[in-house]
Amino acid sequence: MKPFQLDLLFVCFFLFSQELGLQKRGCCLVLGYMAKDKFRRMNEGQVYSFSQQPQDQVVVSGQPVTLLCAIPEYDGFVLWIKDGLALGVGRDLSSYPQYLVVGNHLSGEHHLKILRAELQDDAVYECQAIQAAIRSRPARLTVLVPPDDPVILGGPVISLRAGDPLNLTCHADNAKPAASIIWLRKGEVINGATYSKTLLRDGKRESIVSTLFISPGDVENGQSIVCRATNKAIPGGKETSVTIDIQHPPLVNLSVEPQPVLEDNVVTFHCSAKANPAVTQYRWAKRGQIIKEASGEVYRTTVDYTYFSEPVSCEVTNALGSTNLSRTVDVYFGPRMTTEPQSLLVDLGSDAIFSCAWTGNPSLTIVWMKRGSGVVLSNEKTLTLKSVRQEDAGKYVCRAVVPRVGAGEREVTLTVNGPPIISSTQTQHALHGEKGQIKCFIRSTPPPDRIAWSWKENVLESGTSGRYTVETISTEEGVISTLTISNIVRADFQTIYNCTAWNSFGSDTEIIRLKEQGSEMKSGAGLEAESVPMAVIIGVAVGAGVAFLVLMATIVAFCCARSQRNLKGVVSAKNDIRVEIVHKEPASGREGEEHSTIKQLMMDRGEFQQDSVLKQLEVLKEEEKEFQNLKDPTNGYYSVNTFKEHHSTPTISLSSCQPDLRPAGKQRVPTGMSFTNIYSTLSGQGRLYDYGQRFVLGMGSSSIELCEREFQRGSLSDSSSFLDTQCDSSVSSSGKQDGYVQFDKASKASASSSHHSQSSSQNSDPSRPLQRRMQTHV
């Protein structure tokens with residue numbers, strides 16, 4: 001059988017099916033197509049398939065929709081089936097004007113387009129290729145139907161007597177699926193409604209009814225209540241509303257006088273009301289607390305700053321209800337914090353937002369500043385720092401100022417997360433052969449995840465490796481990583497050390513060099529602060545030496561004191577040290593007067609005999625002559641002259657005591673002797689010396705102390721000095737100042753050493769005109 005004969009047979013089947021019912025006609029059409037396709041495949045062997053098939057879809061009633069069907073290279077008839085019923089053959093759907101077959105027929109496109117979907121279009125659809133004997137998967141088309149406009153029974157205005165309950169009923173009909181109803185008042189949902197649904201005869205649409213009960217206390221005059229119905233077909237919903245018309249409670253007006261007012265002044269609140277029926281009660285409250293002493297229209301009170309933010313309310317009541325009205329008082333007061341600013345921890349590059357709220361009256365000014373900076377960052381409640389950097393971290397101050405009233409401030413901290421920052425001394429010091437440390441100080445928020453030391457080919461993060469140990473500690477300021485090197489060698493001073501720290505935001509590196517401690521002092525560059533340990537060692541050694549010398553001097557002084565008990569006169573030797581005290585002398589007449597005065601004082605006391613004094617003067621004169629004839633073996637090296645215009649050179653010659661412990665060639669200096677006020681007493685303003693030193697051996701009340709007292713009261717005849725034989729004592733240079741165990745308060749800062757001349761020259765102040773050096777001759 002040829003193809004055109006099959007097509008003719010198919011048309012016959014179609015015409016025959018027209019005489020039958022729609023359901024039978026569809027079956028006949030399918031059988032006809034299948035028969036035709038079978039013969040065609042037998043004759044031609046062609047196989048077809050769908051490139052597009054209809055899919056399940058949802059459409060809102062009244063909207064167009066298209067069901068896809070495409071069979072490439074197929075030029076035969078396509079049949080659309082709806083719930084098992086054929087809509088027509090090919091593109092001829094004249095029986096259903098709302099349906100169209102669209103698409104390129106040559107490309108095998110046979111799409112079914114519904115121009116305006118209706119509830120009856122809600123069905124299962126299928127695309128069939130008759131000659132190819134294939135059919136598509138069934139596709140479900142769901143048609144959504146929005147509800148009718150909702151209706152509130154009794155609307156649009158519902159009259160209600162105050163105190164009566166309110167029942168509202170709203171229904172929304174003919175929706176698919178059933179609508180949902182909500183009740184609204186002032187934009188807020190009212191809960192507590194009840195619902196009921198009814199399925200309509202078509203089995204697809206539904207109606208819904210909602211009932212809302214409102215108690216009398218929740219109803220206000222002129223209030224609008226909304227009923228809104230929604231379903232999938234209309235998500236925005238449809239709504240209607242009613243207005244409640246009831247007798248209103250009292251209308252209240254509340255006034256405050258005077259305003260503005262300073263704190264601790266009296267104000268008057270007046271509450272006037274209009275009501276029907278008449279007002280039955282006035283009630284006053286502040287911050288929700290009832291004011292018991294107020295019960296009428298007027299309330300008087302003394303206000304403070306709380307009245308500015310805490311309103312006073314007046315509640316007026318009649319038979320239909322109550323009305324409450326509140327007022328604040330314009331009280332002048334200084335700034336008070338209402339919202340505390342909070343410290344922030346932010347990431348580098350992000351924004352930091354601080355909020356700080358104050359209350360004050362009159363209007364206050366808010367100033368945001370960074371602590372330590374005079375720059376105003378903001379005058380608003382909110383301070384926003386855009387793209388913060390690490391240098392933005394610190395303290396920020398929110399300050400509020402009420403003109404002519406007061407000011408207040410709060411401080412917050414901004415912490416910025418960022419890469420570590422290493423701030424360490426690039427040159428650090430250590431001693432050769434000792435243990436040395438290199439410190440790396442790291443500031444990092446968040447704390448560093450890793451810290452590593454590297455030098456040469458070595459890398460060490462923690463623990464010990466050979467001579468190297470790494471320790472890390474955390475402090476409030478940051479993290480300190482210490483590289484400890486034991487038994488430092490020369491090569492360590494030539495090595496470059498690298499300290500690197502990482503955190504989640506990045507890293508930082510510092511190059512540190514190790515320098516030998518004390519190298520600056522050797523090169524003449526001066527001492528550095530790192531040489532303190534050597535200075536401590538030297539100080540300890542010197543202290544030990546001084547202690548030893550003090551002990552030796554005490555022993556020598558004790559021996560000298562015992563040997564002096566048997567001495568009758570003063571014996572002068574060439575080897576004795578001569579201490580020359582250079583000063584200016586007044587006129588010879590004054591010298592004689594002083595000489596006579598001192599001699600008379602000595603005679604009055606009776607402690608020294610006249611001939612012993614004369615003997616001492618003669619001995620001193622002889623020694624002076626011998627000294628003048630003696631050649632200085634040092635060529636004046638130890639002669640320290642301060643002035644050359646002196647009129648005379650008085651010399652004190654001190655004889656030695658036994659035993660003589662000084663080494664050969666060393667100087668001896670007198671001990672147990674005080675120079676206090678000697679020359680100030682004798683010479684007045686014209687003298688050169690004003691020694692404040694007082695040196696006393698630690699031997700209690702001895703003959704040396706008595707000698708000292710008499711020496712201060714004695715005289716110097718003919719510009720010469722004398723000492724009693726019992727006062728003669730000396731200490732070897734090996735004792736130095738160790739022999740002096742007790743000092744006068746005026747001499748603690750400049751105690752005498754073993755060479756009195758050296759001590760005097762070192763401790764004297766050149767700016768003092770009355771103090772000069774002593775000349776010491778060996």
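Positions of Cβ are set from backbone N, Cα and C atoms, glycine also.
Reviewing C28, C69, the cysteine that Swiss-Prot connects to C127 via a disulfide bond turns out to be C69.
Note: Swiss-Prot links C314 through a disulfide bond to C271 (candidates: C271, C356). Out of C356, C499, the record in Swiss-Prot bonds C398 through a disulfide to C356. Take the candidates C28, C170; Swiss-Prot pairs C227 in a disulfide bond with C170. The cysteine that Swiss-Prot pairs with C440 in a disulfide, picked from C499, C559, is C499. Separation of the C-alpha atoms of C69 (disulfide bond) and C398 (disulfide bond): 71 Å, rounded to the nearest whole number.
Cβ neighbours within 10 Å of C499 (disulfide bond), excluding its own Cβ and spanning all shown chains: 24. Put simply, of the disulfide-bonded residues C170, C227, C398, C499, the one whose Cα is nearest the Cα of C314 (disulfide bond) is C227. Not a single one of the disulfide-bonded residues C170, C227, C271, C356, C398 has a C-alpha within 10 angstroms of the C-alpha of C499 (disulfide bond). Per DSSP, the secondary structure of the domain 'Ig-like C2-type 3' (249-330) breaks down as 4 helix, 47 strand, 31 coil.
Of the candidate disulfide-bonded residues, C271, C356, C398, the one lying closest to C440 (disulfide bond) when CA atoms are compared is C398.
Taking the Cα of C170 (disulfide bond) as the reference point, the closest of the disulfide-bonded residues C127, C271, C356, C398 is C271.
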